[in-house]
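Novice: The following feature annotations were taken from Swiss-Prot:
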{"type": "BINDING", "residues": "Asp78, Glu79, Asp170", "note": "divalent metal cation binding site"}
{"type": "DOMAIN", "residues": "72-255", "note": "domain 'RNase H type-2'"}
Amino acid sequence: MTQTINEAKHILSEINSIEVLEQHELNQDVRKGIQQAITRRRKQLLKEQEILDHYNTMNKFESELLNNNPQALICGIDEVGRGPLAGPVVACAVILNEGHRYLGLDDSKKVTASKRQILNKKLKDGVLEYAYGLASPEEIDELNIYNATQVAMNRALSQLVNRPDHLLIDAMSLDTTIPQTSIIKGDAKSVSIAAASIMAKEYRDDLMKEIADEYPGYEFEKNVGYGTKAHLDGLNKLGITPYHRKSFEPIKSMT
């Protein structure tokens with residue numbers, strides 16, 4: 001018996017590989033609606049495969065470490081907030097769960113806000129462990145942003161209950177006895193670092209919204225401390241807050 005268009009769409013929705021789709025008897029159905037549904041499903045499957053392939057590529061560092069030690073606890077570490085004029089720098093340390101597959105993970109700057117929020121919830125619910133570390137604006141001014149970032153990363157690492165066997169760090173090195181690999185643009189090359197990037201970003205964004213409630217007029221809830229026009233206008237009208245980095249221009253020239 002010939003399926004209705006809706007019945008055919010349901011059948012197609014349950015096909016999970018291009019190979020099965022191409023061999024399915026529905027390809028012989030010449031009805032326009034059926035052929036359009038097949039084309040749509042083919043595009044969906046190709047996109048899903050592209051996302052999976054990207055995830056597997058980003059899992060390369062983790063896979064190599066696990067090949068050497070299947071029980072290894074691998075910790076990804078990244079930070080957000082080096083460039084803003086206000087607010088702390090925030091680091092996150094993440095140990096992903098065994099058999100993880102958080103499809104869509106990437107550098108937090110490449111992921112939309114809505115997808116970041118979804119991924120952040122999945123990560124918080126699913127990973128083996130995560131922890132945050134902060135360095136304050138005062139510490140940034142005293143130590144410089146690079147050294148303050150190291151402080152934030154070390155604080156995140158120290159909050160973990162489980163001691164990692166290996167660290168994957170985005171373009172930094174830490175003073176620790178734990179073996180580590182520093183990866184340039186690691187948040188786009190390692191799923192563990194990408195997870196840390198997204199979780200740190202969401203944590204810091206929420207923190208800047210709280211600061212915006214305390215100090216309205218700078219639009220911290222939108223610019224998260226970066227030097228937008230609204231932020232600079234706020235500085236000129238309202239002055240410097242305790243959350244501003246006094247070693248960063250134009251604040252440095254205002255003190």
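Just so you know, glycine gets a Cβ as well, placed from its N, Cα and C.
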Novice: Including all protein chains shown, what's the count of other C-beta atoms within 10 A of the C-beta of Glu79 (divalent metal cation binding site)?
Specialist: 29
Novice: Between the binding-site residues Asp78, Asp170, whose Cβ has more other Cβ atoms within 10 Å than any of the rest?
Specialist: Asp78
Novice: Please give the average pLDDT for the domain 'RNase H type-2' (72-255) in this predicted model.
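Specialist: Mean pLDDT across the domain 'RNase H type-2' (72-255) comes out at 97.
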Novice: Within 8 Å of the Cβ centroid of the divalent metal cation site residues Asp78, Glu79, Asp170, which other residues of the same chain have their Cβ?
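Specialist: What remains near the Cβ centre is Ile77, Val80, Ala91, Cys92, Thr149, Met153, Ile169, Ala171, Met172, Gly186, Asp187, Ile193, Ala196, Ser197, Ala200.
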